[in-house]
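Student: Residues or ranges marked as ATP binding site by TrEMBL: Gly126, Thr127, Asn128, Gly129, Lys130, Thr131, Thr132. The feature domain 'Mur ligase central' is assigned by TrEMBL to 124-254. Marked as domain 'Mur ligase C-terminal' by TrEMBL: 326-445.
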Amino acid sequence: MTENNLPSELRGRVLIAGAGVSGRGCARLLASLGVDATVADSNAATRQALASEFSLNSIDSAAAAEAAGSNRFDLVVTSPGWRPDSPLLLAYARAGVEVIGDVELAYRLDRAGVFGAPRQWLVVTGTNGKTTTTGMLASIMAAQASRDGRRAVAVGNIGVSVYDALADSERVDVLVAELSSFQLHWSEQLTPDVGVLLNLADDHIDWHGTFKEYADSKAKVLTGAAAVVGIDDEHVREYAQSMAAVVALGFTAGDPRPGQVGVRGDRIIIHTADGPVLDVASAEGIEPSGLAGVLDAAAAAAAAHLAGAHPESIAEGLASYRVAGHRGAVVHSARGIDFVDNSKATNPHAADAALRGVDNVVWVAGGQLKGAAVDELVSAHSARFKAAVLLGADRDVLAAALAESAPDVPVTTIDSTDPVAAMNLAVAAAIQYASAGDTVLLAPAAASLDMYTGMGQRGDLFAAAAREQIQ
């Protein structure tokens, strides 16, 4: 660690906005670098405890906002969840004080050489598929380490924090980062060595204000030297036309053209822009199963190729990757019926990805739609549905869409609001509809907090009910 290499903006007084998980990591890091930092939070006990632990100053959020015009602070580092229109952040933005996020801070420190030679940054974002693609890419780069000796770790929203990866006593050479639109919003200098933009659909509009603001934040990953873009997505294609990246690969579910990664038969193919065609991996056996998993694998293969990975490393990494919980794993199989938990499909766009490539589906769906339209989703997949079982606050909205676009599909609605009872009833109904060769798919298209503590509990209860009710 080289404190003399600190970026100039960190040689002044820094305000840490938020004393939560992100703020704690930031406080620990800045304290270790000897930065003059102050923690701001509305919870007095939390901010004072954090400040005391790392010998920093603390201030109430409202008081910090009032001090914005006094030149008391030279930089604000915010937790990614803080909205741009929060009073504190608005006050400093209006006062001309730069506001950055936790990942942007880590990037600047890395590029300044504070932790040795800068790392390679491989950054993945999109509305859906981020975690799976990041996990696949990290698995590939870990396999590549046996060839080039460069240690790779997943950071950001999965794996370890970026701060911990930078400060690790065992040097990390490659950072495979899953970043949200919030983190990218607060990043101005971040220019990934390889940036991946998977797809774009309405999400977090309450935070960003408009779809354009949300999409613009996501598209910041295309500002580096190399980029991977989902060319099957019309919004991503629009951003790809004006991106700054010099080298790019598109990924597609179809047969790839030059400059694309796609699927030919049962193989994932990299068709390089200058001609060579690389057969890198089998599309069969990819986790999660279905088209969404294959698309994520194609994106990961494209990013790994641009990052310098050997084709054999790509094949090894994809073969060894195992899907994270609630993202399309087969959680139970009995009597020829597969039960697939994609509880992470918390919006219609994610449910669309989960449904693609899967036929004979008994669809378990419902929850909080938060105003999202589902008519297009139901219409697009009506031929896949053998039946539907609906639960949660907005089950009637889904039922109406099915009645309109898939009137021949039998539907059962679960009225219970008890989380365990409702899921048990839903799975029991699904089993009655299913037969050998069918898939009972939990892809709710809706958030979970109407009945569950989160999408994890919803998925766990689905898996438990399936295992208990059918052998």
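Every residue, even glycine, has its Cβ placed from backbone N, Cα and C.
What TrEMBL says about a protein is an automatic prediction, not a curated fact.
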Student: Highest Cβ count within 10 Å among the binding-site residues Thr127, Asn128, Thr131, Thr132: which residue is it?
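Tutor: The most densely surrounded of these binding-site residues is Thr132.
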Student: Of Gly126, Gly129, which of the binding-site residues has the most Cβ neighbours inside 10 Å?
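Tutor: Compared across Gly126, Gly129, the most Cβ atoms within 10 Å surround Gly129.
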Student: Can you break down the domain 'Mur ligase C-terminal' (326-445) into helix, strand and coil residue counts using DSSP?
Tutor: 44 helix, 30 strand, 46 coil
Student: From the centroid of the CB atoms of Gly126, Thr127, Asn128, Gly129, Lys130, Thr131, Thr132, the recorded ATP site, which same-chain residues not already listed sit within 8 A by their CB, in sequence order?
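Tutor: Counting only non-site residues, the set is Val124, Thr133, Leu198, Asn199, Asp296, Ala350.
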Student: Taking the Cβ of Lys130 (ATP binding site) as centre, how many other Cβ atoms lie within 10 Å?
Tutor: 24
Student: Tell me, what is the mean pLDDT of the domain 'Mur ligase central' (124-254)?
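Tutor: The average pLDDT of the model in the domain 'Mur ligase central' (124-254) works out to 93.
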